[in-house]
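Asks: Following this message is one structure expressed as structure tokens.
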Amino acid sequence: MTTPPWMSLCGFGIIHDYPANSVGLFLIFLLSSAATIRILLEHRMECLVSFIPRKFYLFAKSINYFYTLTQFLVIFSYIYSYQDFRNQMDLKIRIDKENGPLPNFIFCENCLVFNLDSSKSIIFALTATFSAVIAAISIILMALASYHALSSNTTMFSKSTMIIQKSFLRSLFIQLGVHIIFLVSPIIFFFSAFLLKLSMEKWQIVIHFLTLCFFQHGSFSTIAMLSTNKQLKRNLNQIIRKISQRSKLTSKNESMANTASFVFQQMNRRNTRTS
């Protein structure tokens, strides 16, 4: 959540009492998502390494390794700036005096304000931005290498395999685009709102819309993955059919068992009456 010209994050949920730790947890999840996409593309590139120019392949691999290093730098810079996310009451009071009245909810202990007056926070912001740029370069290079290999005339794959591989790459591109639109764009806007001092009244609708996109980017990514990956969609349909068949078989067996139990009880009653 943000209130220009001050960028603020309000903690809520089961760990809302630990907002500084929530930032670190979100950072780990974000880095994990980027690492997942990178590993998938790297594996795809390794499968096609024989059809990729060696210099281009080595350059993409070196950028990939460098991005792994920047991930550790982001985590270390967060730990280094951790104290800036704690005990912010003095910072909020100073901002309130220098830039005008802040909304009352910002003075809550669960609400964090990004402190760009601190060199530690600036280092963290620059490191995170640099890592994001390197991640984008690494992903683009590996995707281009894989696409070049699949489009090459020397590729020794069948037509069906080529279609599956290209469909997989296209699905990854779309998922990456969803993350950029629904995750990276709100973050960039929030930082811009802090730096450019945008008016809360003029940008309120945009802020709430971007906040919704920020929280629902995982759902949009899942929908994009299921709608663009035909192989995954086919496997998912097979799983659903098997579960449906098993549930029907289970209910049928339960019905037969209940019928048998009822017949057995009726026979016992008749035998009792006869005796």
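In case you wondered, yes, glycine gets a Cβ from its N, Cα and C as well.
Checked TrEMBL, it gives:
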type	residues	note
TRANSMEM	20-41	transmembrane segment
TRANSMEM	62-80	transmembrane segment
TRANSMEM	122-147	transmembrane segment
TRANSMEM	168-193	transmembrane segment
TRANSMEM	205-226	transmembrane segment
Asks: Taking a Cβ cut-off under 8 Å, which residues six or more beyond the ends of the transmembrane segment (62-80) line up next to it in the same chain?
Replies: 23-24, 27-28, 31, 34-35, 38, 42, 120, 123-124, 127-128, 130-131, 134-135, 137-138, 141-142
Asks: Which sequence-distant residues neighbour the transmembrane segment (20-41)? Criterion: at least 6 residues beyond either end, Cβ under 8 Å.
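Replies: Beyond its ends, the transmembrane segment (20-41) has Cβ neighbours at 9, 11, 13, 64, 67, 71, 74-75, 78, 82, 85-86, 112, 128, 135, 138-139, 142-143, 146, 172, 175-176, 179, 183.
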